Amino acid sequence: VGSRVTFTCSGGARKIPGLPDTVECLPGDIWSRLAEPCGRSCATPTRLRFAALSKEDERRNFFPVGANVSYVCRPGYENSSESSPSSTCLENLTWSQPAELCRRRSCGTPGALPGGRTGPLRDLQLGARLEVFCEDGYKLVGNNFIWCQLKGNDVEWSKLPTCELITCSPPPPISHGRHDGEGVEVFAFNSTVTYSCDPNFQLVGNGSLQCGSRDKTSGVWSGAMPKCKEKSSAARLGAKGTESRAPPKSARGNGAQPSEKGQLWERKLSLYRKALQNTIQPSQSSSFLRKPGSSCTARRSWTWWKFWSSKFPTRCRG
């Protein structure tokens with residue numbers, strides 16, 4: 001009397017919740033009454049990617065044939081119809097396939113990326129991945145992609161990277177010269193500086209450098225550095241000599257008085273014109289004497305004769 005025996009289910013049967021599985025020996029050598037503690041039951045319902053068992057069905061551990069369970073959409077998903085997914089325990093103790101009545105929530109169009117852009121927007125829903133690119137002249141800081149991820153029960157895009165402007169440090173200086181960007185600390189992508197040389201120096205090479213980039217991350221100056229080469233002494237003297245030998249320009253055209261040098265040139269030019277007017281080509285009957293192969297100039301002007309007497313050795317007589 002008082003002995004107890006506990007039964008276990010076998011042959012695929014499962015213990016029915018709430019029913020005792022133990023009997024006790026009572027006075028009179030009889031066992032206590034025991035209802036059938038085991039029954040046929042489906043295993044735990046299938047776990048779904050898009051939905052979870054309802055709270056009520058989560059607490060159950062016995063699912064006889066014909067039992068129904070319902071699902072609710074997981075965070076990041078939303079119902080695509082008025083019905084909820086459900087499943088039934090079948091005669092072969094398997095679950096029917098629940099309909100996929102939950103769809104992924106959408107993150108929407110991602111925000112703007114200054115200096116960059118995202119790839120094609122083929123998918124904007126939970127789990128989607130978008131490539132991120134920076135425009136020429138900008139470098140990427142952060143991941144080169146974003147995810148549509150879960151936030152609480154909703155979804156949102158992961159943090160966008162940034163596209164920073166590529167810059168160059170000041171270009172190197174050159175001896176006996178300078179560039180037009182002196183005093184500037186940072187030069188933007190594609191900006192240009194131009195070099196020039198001190199007096200008496202000439203520029204050798206390309207006079208301009210441009211801020212660019214080879215690896216899309218750091219700025220470098222493109223092109224070979226120019227040099228300032230000292231001009232030769234002959235070139236400097238030649239330039240000065242050309243300036244000193246140039247005759248002064250007459251200012252009569254605009255009504256101004258010519259300079260002292262200009263007046264001297266005017267007088268010489270006037271004498272030259274008179275010389276041309278007083279030059280005579282002699283004929284066979286001329287009464288003038290001349291040296292063969294020369295022309296004879298009449299002495300009609302003492303000023304003319306005094307100026308040109310040394311140029312013509314021939315003496316003319318009337």
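Backbone N, Cα and C atoms are what each Cβ position is placed from, and that goes for glycine too.
Unlike curated records, TrEMBL annotations are generated automatically.
Neighbour density for CYS211 (disulfide bond): within 10 A of its CB lie 23 other CB atoms from the protein chains shown. The secondary structure of CYS211 (disulfide bond), as reduced to three states from DSSP, is extended strand. TrEMBL lists CYS168-CYS211 with the feature disulfide bond.
The annotation domain 'Sushi' is assigned in TrEMBL to 40-104 (among others).
Residues or ranges marked as domain 'Sushi' in TrEMBL: 105-165 (among others).
The domain 'Sushi' annotation in TrEMBL covers 166-230 (among others).
Look at TrEMBL and you will find 231-263 tagged as region 'Disordered'.
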Ask   = By a simple count, how many Cβ atoms lie within 10 Å of the Cβ of CYS168 (disulfide bond), its own Cβ left out?
value = 23
